[in-house]
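S.K.: The following block contains the structure, expressed as structure tokens.
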Amino acid sequence: MAEPNSRAATMSVPELDAPPAFEIEAGNSLQESFSKDSKNALPGVEQGRIVPETAGVTALPTLIKSDEDLRNVNTGPSDPTLWPKWKKRRVLFVVCAYYFLFTFITTVTVPTFNDLQTYFVISYEQVTYTVAVPALALAVSPFFWTPLAEALGRRTVMILGCLVATLASLGVALETTYKGYMAFRFLQGWGVGPASTVGLQMLEDIYLEHERGQKVGYWCLSIDIGLLFGPLIGGLAALASWNFPNWLTVIIFGVLFLIMLIFLPETASYPIQPPQYSAQPPTSSQQALPTKALPWLNFRTLLTRPKPWDSTLHFLRLFAFPNITITIIFYCWAWYWFILCVITMLPGAYPDYNPQVQGLLFLGFIVGTLISEMLFSGGLSDYLVQRAMQKTNGERVPEKRLLLWFPAALLTTIGLVLFGCTVQLNWHWFIAQIATFLIGTGIQIGNTTTISYVVDVYPQHVMDVTLFYTFHLNLSAFASPFFIVPWIERIGWAWCFGAQGAMVTASCLIFAPFLYMYGRWLRDWKGPIPWGNALGNTRTA
């Protein structure tokens, strides 16, 4: 009779799967803590995979939802995610200010188009090219700055780029010929190029996923506000002289250069030992290399030494990843570039107004952009993902962010149609302000949603993904001035902007549901990006 009792006493306890976040203990000492919401997952553990029982492992919930929980994550001594809030905010301010100037330089001269036309003795269509040329430089310059940032570090490249932009802005202000003016405008865009890829990578260095949507929202807000504040500030600056907007740009770049030189810290670290390169994609089971902080201003090539053409090759290979390609090409080429059509044609819609009044016409854009970011974009995007995590046992579903595309596309469409009708039918100017308010709101929500989604899908390849995004975004901005004037002359304002609104709605109804339903399947089907980030993956867990 004692035999059954002895068997019962020796029966093994059923194994239980560990929850998504847990702590590992060896003896009485706590060694490491991990979470699905951290940048560094537990080596060897993948989502949906059963973890075999290991001696000395105790499962305790430690989901990271705030900076307080972040203290439990064991990271390297140089990990910028452990910086104090004031230091992170300093980086955020500099990155956003630089990205503000990314588009500010393209539109600050818009209210002075008539003066530029008179000064250089050119047509209105040629004046619009002064917006297109820096946009072209903004599209291609990251191919130069991104590999340089991998070789020298983020801070050094940001400072070098700002210096180039400052000197180019000085040339713009002093130039007296149209060809020279266009050449310096191109160099302006070239110098501000690091604000996109390198700037966003710096934010990824210092913030975790649960903060990323909001901070990327601020970053996206900067480029949109720069695009819209440019004409407003340029119109007010033109009170002094038609060329003072260019001198104001020189002053702003010079001040930002000094701020970077004094206050911007380096967020990257490099491996003490050179990494072993492999043709296979990086896996979470690979051991992280010991890292060391970069010097205050680094001009020495790091051990990784990426090839100059790596960024171009990575850019071309990203076309094979549908989550990136479909998302970015849809937004840039079927949605975003229409805002440049409105911006470049506002002076032509109200040619009798002086530069100051034309600058004030952009207030609708500005108010709509600010309200959309404060109430709907980054924070709401994060909320949708976090709410979905409660239903998926802590697993992040980036596709939930795409739900914001639908109201954003609707607002943009209504605004475009209303703007075209207002100009052609001579409605009150305040109706045009309502139209630009709706366009600004929709564009900002769509912009934040797009970049937050692609960064959330491939967080370890921020600079490559942002390079892809920046190229298409600015190339579409470059193309807009070349076709908008003939398009309006051919079919009129109402039909032109009405067709643009129809394209936004139709494309959104096709691509948004497709990515929302099949985005995860596409990621699983394509697999991870098969190359590493020289500086982005060196942080220890």
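The backbone N, Cα and C atoms fix where each Cβ goes, and this holds for glycine too.
TrEMBL: automatically predicted annotations, no manual curation.
So TrEMBL has the following annotated:
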| type | residues | note |
| --- | --- | --- |
| DOMAIN | 91-523 | domain 'Major facilitator superfamily (MFS) profile' |
| TRANSMEM | 91-114 | transmembrane segment |
| TRANSMEM | 126-145 | transmembrane segment |
| TRANSMEM | 157-174 | transmembrane segment |
| TRANSMEM | 186-204 | transmembrane segment |
| TRANSMEM | 216-240 | transmembrane segment |
| TRANSMEM | 246-264 | transmembrane segment |
| TRANSMEM | 315-339 | transmembrane segment |
| TRANSMEM | 359-381 | transmembrane segment |
| TRANSMEM | 402-425 | transmembrane segment |
| TRANSMEM | 431-455 | transmembrane segment |
| TRANSMEM | 467-485 | transmembrane segment |
| TRANSMEM | 491-516 | transmembrane segment |
S.K.: Could you give the residue numbers and ranges of same-chain residues that sit at least 6 residues beyond the transmembrane segment (467-485) on either side and whose C-beta is under 8 angstroms from one of its C-beta atoms?
M.R.: 106, 124-125, 128-129, 131-133, 135-136, 138-140, 142-143, 146, 196-197, 311, 314-315, 318, 324, 328-329, 332-333, 336-338, 340-341, 344-345, 348, 450-451, 454, 496
S.K.: The domain 'Major facilitator superfamily (MFS) profile' (91-523): mean pLDDT?
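M.R.: Summing pLDDT over the domain 'Major facilitator superfamily (MFS) profile' (91-523) and dividing by its length gives 87.
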S.K.: Quick one: do the transmembrane segment (359-381) and the transmembrane segment (491-516) reach 3+ CB pairs under 8 Å, ignoring pairs fewer than 6 apart in sequence?
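M.R.: Touching, no - the transmembrane segment (359-381) and the transmembrane segment (491-516) miss the threshold of 3 or more Cβ pairs under 8 Å.
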S.K.: Between the transmembrane segment (315-339) and the transmembrane segment (431-455), are there three or more C-beta pairs closer than 8 Å, counting only pairs 6 or more apart along the chain?
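M.R.: Counting Cβ pairs under 8 Å (6 or more apart in sequence), the transmembrane segment (315-339) reaches the transmembrane segment (431-455), since there are 3 or more.
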S.K.: At a C-beta cut-off of under 8 Å, are there same-chain residues at least 6 beyond the transmembrane segment (91-114) that contact it? List them, or none.
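M.R.: Hits for the transmembrane segment (91-114): 124, 127-128, 130-131, 134-135, 138, 158, 162, 165, 169, 185, 188-189, 192, 194-196, 199-200, 202-203, 206, 215, 218-219, 221-231, 233-235, 237-238, 242-243, 245-246, 248-249, 252-253, 256, 259-260, 263-265, 267, 343-344, 346-347, 351, 355-356, 358-359, 477.
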S.K.: Please work out which recorded stretch in 186-204, 216-240, 246-264, 431-455, 491-516 has the most C-beta pairs separated by under 8 angstroms from the transmembrane segment (126-145)?
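M.R.: It is 186-204 that shares the most Cβ pairs under 8 Å with the transmembrane segment (126-145).
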S.K.: For the transmembrane segment (216-240), could you work out the same-chain residues 6 or more beyond its ends whose Cβ comes under 8 Å from its Cβ atoms?
M.R.: 92, 95-97, 99-112, 115, 199-200, 203, 248, 339, 343, 346, 355-363, 365-366, 369-370, 373, 377-379, 381, 440, 443-444, 447-448, 451-452, 455
S.K.: Would you say the transmembrane segment (402-425) and the transmembrane segment (491-516) are touching, if the rule is that at least three C-beta pairs must lie under 8 angstroms and be 6 or more residues apart?
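M.R.: Result for the transmembrane segment (491-516) with the transmembrane segment (402-425) is yes.
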S.K.: Rank 186-204, 246-264, 402-425 by Cβ pairs under 8 Å to the transmembrane segment (431-455) and hand me the top one.
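M.R.: Ranked by Cβ pairs under 8 Å, first place goes to 402-425.
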